[in-house]
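Working notes for the structure below.
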Amino acid sequence: MASTSNVENLSPQILRGVVREMTELVKGPPEGIRVHMNDEDITDIQATITGPAGTPYAGGMFRVKLALGKDFPSGPPKGYFLTKIFHPNVAANGEICVNTLKKDWKADLGIRHVLLVIKCLLIVPNAESALNEEAGKLLLEAYDDYAARAKMITEIHAQGPKTSKSEGSGEGCSQDGPQAKKHATDKKISADRKKLLKDKKRTLKRL
């Protein structure tokens, strides 16, 4: 995705604050999130979020990008998924729709908070502010189909190096959307399906 740098539009004081927060995030990232520092353009913020366990995105590695506008931190950054994902709140071009990046933005929230909110979206999607209408409709009307589709896209597009420990629960995610209860049902996406997948991959390797 082409991006324009906003380094020249932001005051040195704001840039120093961004550098400070990014340095802290690289040293002590939130669970399941790895931050990538771009030394040449500090306004190009990228991170990899590990798909949380118990969701259709489990096991996926999702690259996200935050673009700081010239009005940052008064105005929110724009958030994008660079990795293809099937999710109600992510548009075809990867743009993320979440209230924190729109009407609920506050200047003191910071980059860490935004990354945690995006991770929470993977755990508790919000069908009410859907950018992907098909995903939003499936989430509400046919959760198993939604989960299967999201899982398939994750397996095709978001496979990163395997991590041995299971990543982050979802502490701090407010589950007040209509789907809060539903995501628990996904935990039942059975061991059989996982086994089937392993067999499928094994067969493919033999071919």
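Backbone N, Cα and C define each Cβ position, glycine as well.
Remember, TrEMBL labels are computer predictions, not curated facts.
Quantities reported herein were computed from a predicted structural model and do not represent experimental measurements.
Sequence annotations record features per position, and here TrEMBL assigns domain 'UBC core' to 13-159. What TrEMBL records for CYS97 is active site, glycyl thioester intermediate. Annotation source TrEMBL lists region 'Disordered' at 159-207. Here TrEMBL flags 195-207 as compositional bias 'Basic residues'.
Residue environment of CYS97 (active site, glycyl thioester intermediate) contains 18 other Cβ atoms, counted within 10 Å of its Cβ in all protein chains. Each residue in the domain 'UBC core' (13-159) has a pLDDT score, and their mean in this model is 94.
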